């Protein structure tokens, strides 16, 4: 080939990713049918995972695990909450890499089936170790979260990515509304509807009903996946691109030189700065977020003499449902617009700065309750303010997922990169509940910083996320070019 007529361009993370004429690309319409099916499937996951939150602390007390010590409930609740993420951290990267080879749908089917079986086992648990086994099973068999994010990345491009990824936290928020509401309402049905649930089965397994309903939703999602969802893996829908090097010729016939298989790249070669920094932010965000998420129902259920609010399961479910639906509605209407207005990095930075006041609201509510002597309208206003702060905090997820997706050099390794991100997040979420609830229990048991040491520690750790946010690129790179 005449070197005067052609030259070789190596694509790397410094290659400009803007149109040649500098103009903004027209926005691509979202593939509504497939994305609609995908978010419907995503809805089943948070419903199943959050439905246990309203009653898990009460279940631990009733099983006699703590020996009647209310202050120790947090230790065991944290262990159970963490076990799912321990199992996920050990296997999610394997599921992600497998989906890059055999397709997204088979991995989704396995994950939905595994979650369904584990939920039924959880509802039939009568001791601590059966709870442990069911939660571990759910984590080991669940690669759905990373595959769904990968599919969303494959169904969108740089022009509509904000709209697509805004749907992921929205769906989780809706699931976080339905799940706790369902769990709190359906737990111990023999107490609420004795004429319908008076048999010995419901006395022996008082928390099976919410688990059984969650399992039915997962079966419905499994059927939808099998029949309606289309495969999105690029190598099965388009000719396989196996090179990072493009040969550009001045003649009409331009060639793609096949040099290496992107799908089989070693993981180490993917760990560039543009990949590692978003993943590190995602992991720290997940750690801090899950710590608050597990502390919230624990704080709600802790007796007032220990500094909690003393809510019952139904009240916990209602408040957590309100948290979820408020966050979901706000993101549905405003997330994409805010991204277009200030950009993903600025939105992420604003979200990160909301964490200290978010955590500080816990000891403030405890102080208000001690001063007022009972739960009244001041606690209600404080909880509504807490929801407002968490609305802004939760928008950080959509922003950082845009950075992670855009960091993939090609869709053939998008599953692997999302797998790395989800593995890091799963490790963080495995550590977070155990650490946060143990610190909560120790703070109350030993009266550390007036029983609020856990909140001080979390505020200090949030400084690490603020530093990581500064390391992000100013703009999300355009991987379409």
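A Cβ is built for glycine as well, from the same backbone N, Cα and C atoms used for every other residue.
TrEMBL has this to say about the protein:
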| type | residues | note |
| --- | --- | --- |
| DOMAIN | 34-477 | domain 'Major facilitator superfamily (MFS) profile' |
| TRANSMEM | 73-95 | transmembrane segment |
| TRANSMEM | 107-126 | transmembrane segment |
| TRANSMEM | 164-187 | transmembrane segment |
| TRANSMEM | 207-229 | transmembrane segment |
| TRANSMEM | 270-296 | transmembrane segment |
| TRANSMEM | 316-335 | transmembrane segment |
| TRANSMEM | 347-369 | transmembrane segment |
| TRANSMEM | 381-405 | transmembrane segment |
| TRANSMEM | 449-469 | transmembrane segment |
Two-stretch contact, the transmembrane segment (449-469) and the transmembrane segment (107-126), at least three Cβ pairs under 8 Å: no
Mean of the pLDDT scores, which run from 0 to 100, over the domain 'Major facilitator superfamily (MFS) profile' (34-477): 84
Intrachain neighbours beyond the transmembrane segment (164-187), with Cβ under 8 angstroms and 6 or more residues off its ends: 30, 35, 39, 42-55, 58, 148-149, 152, 155-156, 206-207, 209-210, 213-214, 297, 313-318, 320-329, 331-332, 335-336, 339, 394-395, 397-398, 401-402, 405
Beyond the flanks of the transmembrane segment (381-405) by at least 6 residues, Cβ under 8 Å: 149, 152-153, 161-162, 165-166, 168-169, 173, 275, 277-279, 281-282, 285, 289, 292, 319, 322-323, 326-327, 330-331, 335, 338-339, 344-345, 347-348, 350-352, 354-355, 357-358, 361, 364-365, 368, 414, 417-418, 421, 472-473, 476, 479
